[in-house]
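Taken from TrEMBL, the feature ATP binding site applies to B:6, B:7, B:8, B:9, B:10, B:11, B:12, B:13, B:32, B:125. As annotated by TrEMBL, active site, nucleophile applies to B:101. The feature site 'Interaction with tRNA' is assigned by TrEMBL to B:126, B:336. Look at TrEMBL and you will find B:197 tagged as active site, cysteine persulfide intermediate. Annotation source TrEMBL lists domain 'tRNA-specific 2-thiouridylase MnmA-like central' at B:207-271. Residues annotated as domain 'tRNA-specific 2-thiouridylase MnmA-like C-terminal' in TrEMBL: B:281-352.
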């Protein structure tokens, strides 16, 4: 089986599994005051410190969550609520047009959301961002690396502009952590969310990095864990897994960037050479994600035929009840609904090899020609 | 064979898929999303396109180890089935949307897409037998007379039948349910779906009123005397007795039925049941399930899904199908489909243009 869908979920890495296995039977609630509780608490805090060190944050700035979606929700909803509680005029939220629904759909529940467009390469329109930012903006949220296209946004530019108007700046860094250098403290970001399972960690844990001076309002209640931002018994075992995954990904970052860039180039060259009219969606991208437009197909048909040939990828769009929809991200990049329905996303991780790419390229022409016939 | 098994989430298509696997076919499960705004939950025994139904189909595919996908055919379904349904009623005719769905969606859009993608056939959980007679594909009535669905498949052409599989044709429904339970399918006791899937509350008149609006008019008897009022002639079906709300009883006190509908004049004509008797009808271009029969032949005519077949003489001339019935059938509406059988074998179908 050839797995080219790491951006959906990357396989658990052996070192992560081992780290969790070593602590999974340890008894105790980290909030308990006895010996077992203290040992469990120490594991949790060791994990927090490890993550903080790897991502350039203070341990107090690491708030464990269930994953990317919860972190995004907490940053946008909790951030906006905190700002507006202090200053009723500061209730607007600015987001980019290509945000994950965990940011975009949530922000649309708020009284005022301003959406900054992107150009046809997927890059944020900074002039428009300037126009949308003012003293009434509570939170500005721009994804660091897009999950569908891999497009990298200029986060430092967003931070500078957000800071100028006093907005809290959040980034959904689910696809950035482990693939791009992240130094939270130096970045000037107020909030950064990420998750473990895109990095070879376990599903069910992530973290929101929350700058010391920033205090979103919690979305859940009933406990004082995680700076009172995320009540509920802390899961030390998963935290150990998250820390191990981050440690591994950050440690391999330089070498993996070179290696995955090579895989990406091999895949792009192959696809463009094999499929007439194919092109890459997205300009400046992360090395681990490639989004390809295939003319004259339903992406779902190609995906299904590749699946039958043992190659797994994604249609690069959101699913509604199992049905691929035209990608909102690609529509925001100016693609037609038909173009946005013919996109495939391939994404790499630690286990990806040249042989994976070659197996894809071997299976692709037949899948594409059949899907074109069925279109 | 490489087979696409259409899986609605019901018990029949689940067992059909399982039997194909047992027979050694390479099976892929496909759930057809036909509703543009699917409900989360199944409501009662109606419908087949809720998220819950898709999940049920997926769970059966999981048990069978089948690749499973959801295909969105809601645009095609809207255009070819729902819009057609509404347009037919608007024109004063009575369509059968299940038949249209088989003709245009399951054994056309899905089959064509499947064939292009490399599949050999589409299989469904319909109760009908697909056999070979003299080297030709033939469609026969199901073993279970209570479940026989050959009528709604009567619109399939020979080419469509060639690439269709109906693994339940030789089984009784009770056997299929028992087999589903024995196989451990969660849907073994799921109620059968009834009625029109895109009208889950069963209120066809209400559905049509929403699409076509209301247009008040008269209900008259055969002498032209006004005996009631209606909200739109398009909401009625020839033969209908219920829901007429006639203000005055008939002179003879007997129930009255809709005899005819004139959409142009917005008039509904009612009268006694015997006036609904039809002993001949004319259909449009015949669709042959096998080789066409140019000469007149004796067979059985069926005009609705659960109607009694009636002995008849069939003659195809000038692109029309003439059917002369040995005994009259009551209440045949234009837009219905007549299916002609030779004993148990489907020979031909045609949309009824005129009765009498």
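Quick reminder: no glycine exception, Cβ is built from N, Cα and C everywhere.
Location within the structure of each feature annotated in TrEMBL.
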residue	record	Cβ within 10 Å
B:6	ATP binding site	24
B:8	ATP binding site	23
B:10	ATP binding site	22
B:12	ATP binding site	27
B:32	ATP binding site	24
B:101	active site, nucleophile	28
B:126	site 'Interaction with tRNA'	27
B:197	active site, cysteine persulfide intermediate	20
B:336	site 'Interaction with tRNA'	25
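Between the CA atoms of residue B:126 (site 'Interaction with tRNA') and residue B:12 (ATP binding site) there is a gap of 7 Å, rounded to the nearest whole number.
Residue annotation for ATP gives B:6, B:7, B:8, B:9, B:10, B:11, B:12, B:13, B:32, B:125. The furthest Cα pair among them is separated by 15 Å.
According to DSSP, residue B:126 (site 'Interaction with tRNA') sits in a coil region rather than a helix or strand. If you take the Cα of residue B:12 (ATP binding site) and the Cα of residue B:101 (active site, nucleophile), they are about 17 angstrom apart, rounded to a whole number. For residue B:6 (ATP binding site), the nearest of the recorded positions by C-alpha distance turns out to be B:101; the candidates were B:101, B:197, B:336.
The DSSP breakdown of the domain 'tRNA-specific 2-thiouridylase MnmA-like central' (B:207-271) into helical (H, G, I), extended (E, B) and coil residues amounts to 9 helix, 20 strand, 36 coil. Confidence for the domain 'tRNA-specific 2-thiouridylase MnmA-like C-terminal' (B:281-352), expressed as mean pLDDT, is 94. As a summary of secondary structure, the domain 'tRNA-specific 2-thiouridylase MnmA-like C-terminal' (B:281-352) carries 0 helix, 44 strand, 28 coil according to DSSP.
Spatially, by CA atoms, the recorded positions B:8, B:10, B:32, B:101, B:197 include one closest to residue B:336 (site 'Interaction with tRNA'), and that is B:101.
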